[in-house]
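> Dumping what Swiss-Prot says about this protein:
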| type | residues | note |
| --- | --- | --- |
| DOMAIN | 29-56 | domain 'LRRNT' |
| REPEAT | 58-79 | repeat 'LRR 1' |
| REPEAT | 82-103 | repeat 'LRR 2' |
| REPEAT | 158-179 | repeat 'LRR 5' |
| REPEAT | 182-203 | repeat 'LRR 6' |
| REPEAT | 206-227 | repeat 'LRR 7' |
| REPEAT | 353-374 | repeat 'LRR 12' |
| REPEAT | 377-398 | repeat 'LRR 13' |
| REPEAT | 403-424 | repeat 'LRR 14' |
| REPEAT | 486-507 | repeat 'LRR 17' |
| REPEAT | 512-533 | repeat 'LRR 18' |
| REPEAT | 559-580 | repeat 'LRR 20' |
| REPEAT | 585-605 | repeat 'LRR 21' |
| DOMAIN | 606-643 | domain 'LRRCT' |
| TRANSMEM | 651-671 | transmembrane segment |
| TOPO_DOM | 672-692 | topological domain 'Cytoplasmic' |
Amino acid sequence: MEFLPLWLCLGFHFLIVEWRSGRGTATAASQGGCKVVDRVADCRSLNLASVPSGLPAHSRMLVLDANPLRVLWNHSLQAYPRLEDLSLHSCHLDRISHWAFHEQGHLQNLVLADNRLSENYKESATALHTLLRLRRLDLSGNSLTEDMAALMLQNLSSLEVVSLARNTLMRLDDSVFEGLERLVELDLQRNYIFEIEGGAFDGLTELRRLNLAYNNLPCIVDFSLTQLRFLNVSYNILEWFLAAREEAAFELEILDLSHNQLLFFPLLPQCGKLHTLLLQDNSMGFYRELYNTSSPQEMVAQFLLVDGNVTNITTVSLWEEFSSSDLSALRFLDMSQNQLRHLPDGFLKKTPSLSHLNLNQNCLTKLHIREHEPPGALTELDLSRNQLAELHLAPGLTGSLKNLRVFNLSSNQLLGVPTGLFHSASSITTLDMSHNQISLCPQTVPLDWEEPSSCVDFRNMASLRSLSLDGCGLKALQDCPFQGTSLTHLDLSSNWGILNGSVSPLSAVAPTLQVLSLRNVGLGSGAAEMDFSGFGNLRELDLSGNSLTSFPKFKGSSALQTLDLRRNSLTALPQRVVSEQPLRGLQTIYLSQNPYDCCGVEGWGALQHFKTIADLSMVTCNLSSKIIRVVELPEGIPQDCKWGQVDTGLFYLVLILPSCLTLLVASTVIFLTFKKPLLQVIKSRCHWSSIY
């Protein structure tokens with residue numbers, strides 16, 4: 001009994017140690033699940049049902065994304081009073097208790113995207129109203145209506161950035177954003193907005209960026225947000241965009257009206273700073289030249305604007321088109337995928353600062369190049385996929401395209417270009433004339449040649465670096481048509497017979513070429529082995545779709561990185577070819593869709609070792625009339641191929657000799673059977689006496 005107190009003390013001591021140990025383990029586990037670095041606690045995707053309580057109290061940022069929290073209770077965040085950033089993205093939240101943010105006096109950024117806050121929006125709104133320093137709020141993806149959003153944003157005058165994207169907003173008025181005088185950026189994309197009342201944004205005096213993409217707005221009339229710098233109204237159903245007819249200076253710099261149903265060029269502010277205008281994928285056209293101007297009363301459209309008891313009528317001249325718009329600062333204009341049949345006279349003159357013009361996928365049939373049209377500042381012009389059959393260059397005009405660097409004329413109906421057009425573009429580096437039925441001039445055309453040219457001359461274009469002539473129906477090249485250029489990229493694909501089985505017509509640009517595409521040009525059909533030894537800087541070579549029966553030579557071309565030999569007539573992968581230094585330095589090679597013989601792929605193992613075959617699983621070969629994947633071949637030459645290595649004469653001798661001997665014996669027996677006297681004589685002479 002005297003030892004009982006001692007045992008009790010020891011037991012109590014061990015219980016305390018065990019309890020402290022267990023508590024320490026729990027704390028370590030709660031911190032171990034979250035990544036804590038420099039006052040940032042990242043607890044995303046940990047399947048947490050509540051906010052962890054064991055994180056550092058001085059944490060400034062807490063990320064709880066993708067956890068099934070469901071409810072944010074009053075006490076959930078009490079342990080972290082210094083939070084400045086809180087992210088609760090995709091937490092299944094349907095309720096935020098009244099005092100959940102009561103202790104969060106420092107919170108500036110709050111993300112509540114992709115939750116279910118519409119279910120208890122009044123209580124959640126009460127919780128948000130306690131955040132007096134909040135600057136950024138993300139409420140996207142919560143099924144909020146405009147009334148719910150208005151209640152949640154009420155009294156949050158400190159907000160600078162708000163996202164209400166992917167909700168169910170339909171109609172906006174001045175009550176939704178009331179009191180948000182400091183708001184700079186507003187994201188309303190992917191809602192169901194079909195109407196915006198006049199004055200809905202008038203109280204947002206500091207608003208600079210507005211995103212209304214992916215809604216159902218049918219038109220924007222009397223646009224007067226002069227302070228706005230960025231406006232995105234793409235992917236709506238706009239048929240009209242009309243800025244207010246006032247002399248106030250607009251700050252708008254970027255306007256995106258792409259992917260709508262615009263019928264006319266937008267009427268832009270009369271005084272503005274617009275430098276980027278996106279109008280692709282609409283139904284725009286210029287109609288002045290198509291309309292009978294003798295009926296002025298039919299040349300206007302009137303818009304009736306009803307705002308409460310006030311009715312305004314806006315009258316717009318339909319054929320005025322662009323005349324009153326300020327385009328002087330415009331640098332980037334995209335009008336691709338429209339229905340433009342022509343560009344009005346003077347249109348491009350109003351854009352002296354224009355550097356990028358995209359007109360692809362329209363209905364243009366001709367283009368006149370005059371003084372200041374296109375403007376001298378233009379560096380990139382895309383006229384691809386139109387119906388251009390004529391390019392007109394004003395007589396005596398030189399240097400009109402002196403700053404042009406990228407010129408795309410692909411997929412048109414051009415047969416030639418005006419003499420001197422490319423030489424006036426003295427800075428051009430990239431030219432795409434693919435899919436035009438042009439022909440190359442057999443000799444240099446004089447610059448003072450006045451007759452329309454029916455061919456194209458690329459000689460002596462010193463600045464040209466990239467040229468695409470894919471699918472132009474060109475005949476065999478003669479007399480070095482690229483002489484005087486320093487081409488690094490050349491595409492001659494789909495011009496059958498253009499090289500006439502030899503790469504010698506490219507000798508003038510061979511030292512500078514880095515990327516060469518000779519896809520589907522008829523190489524290898526009855527021609528000698530292709531030799532690219534003179535192409536010392538070649539990095540990429542496309543020889544697919546030809547009839548090559550052997551690997552091309554690359555002696556001295558150590559820069560080669562990519563080689564495409566698909567869809568040829570290669571039957572073997574010799575070891576000697578694979579061991580060449582240029583092929584050993586390859587990074588990517590394509591070899592599929594060739595009729596390889598499995599008995600001739602001894603170089604396959606070395607290629608696999610280099611790990612450069614991009615279409616490895618698609619390469620097949622023929623083994624005993626069976627098509628199998630080369631990766632399934634056993635190491636070394638298959639057993640079935642050994643007979644193929646024996647001398648052919650000896651093979652046939654071994655095959656025929658037994659047949660001949662058998663035939664000789666059979667013939668002798670038959671002959672003797674029908675010659676009975678002779679047979680008896682042989683028997684009598686070959687008869688031996690028996691011992692019996």
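Cβ coordinates are placed from backbone N, Cα and C, and glycine is handled just like the others.
How buried are the listed features, and what sits near them?
Panel annotation: around the domain 'LRRNT' (29-56), residues 62-70, 72-73, 76-77, 79-80 of the same chain, lying at least six beyond its termini, place a Cβ under 8 Å from a Cβ of the stretch.
Outside the repeat 'LRR 1' (58-79) by six or more residues, the chain places 36, 39-51, 85-104, 111, 127 with a CB less than 8 A from a CB of the stretch.
Looking at the repeat 'LRR 2' (82-103) alone, the prediction's average pLDDT is 96.
Sequence-remote contacts of a segment are chain residues at least 6 beyond its ends whose Cβ falls under 8 Å from one of its Cβ atoms, and for the repeat 'LRR 5' (158-179) they are 113-114, 132-146, 149-150, 185-197, 199-204, 206, 211.
Using a Cβ-Cβ cut-off under 8 Å and counting only residues 6 or more beyond its ends in the same chain, the repeat 'LRR 6' (182-203) has close neighbours at 140, 157-174, 176, 209-218, 222, 225, 232, 305, 307.
Within the chain, the repeat 'LRR 7' (206-227) has long-range Cβ neighbours (under 8 A, six or more residues past its boundaries) at 160, 165, 181-196, 198, 233-244, 246, 248-252, 256, 269, 303, 305, 312, 314.
Nonlocal intrachain contacts for the repeat 'LRR 12' (353-374), taken as residues 6+ away from its ends with a CB within less than 8 angstroms of a stretch CB, comprise 275, 280, 328-343, 346-347, 380-394, 397, 400-401, 408, 418, 421.
Same-chain residues lying 6+ beyond the ends of the repeat 'LRR 13' (377-398) with a Cβ under 8 Å from its Cβ atoms: 336, 352-371, 404-415, 417-421, 424, 432, 450.
Proximity of distant same-chain residues to the repeat 'LRR 14' (403-424), defined by a Cβ-Cβ separation under 8 Å and at least 6 residues beyond the stretch ends, is recorded for 360, 369, 376-389, 391-393, 397, 430-439, 445-447, 449-450, 452-458, 460-461, 468, 470.
Helix, strand and coil residue tallies for the repeat 'LRR 17' (486-507), in that order: 3 helix, 3 strand, 16 coil [DSSP].
Each residue of the repeat 'LRR 18' (512-533) gets a DSSP state, and the totals for helix, strand and coil are 0 helix, 4 strand, 18 coil.
DSSP places the residues of the repeat 'LRR 20' (559-580) in helix, strand and coil in these numbers: 4 helix, 3 strand, 15 coil.
Residues of the same chain lying 6 or more positions beyond the ends of the repeat 'LRR 21' (585-605) and with a Cβ under 8 Å from any Cβ of it are 544, 558, 560-579, 612-615, 618-623, 628, 630, 633, 635, 637-638, 640-641, 644.
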> Which residue counts does DSSP give the repeat 'LRR 6' (182-203) for helix, strand and coil?
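Reading the DSSP string over the repeat 'LRR 6' (182-203) gives 0 helix, 5 strand, 17 coil.
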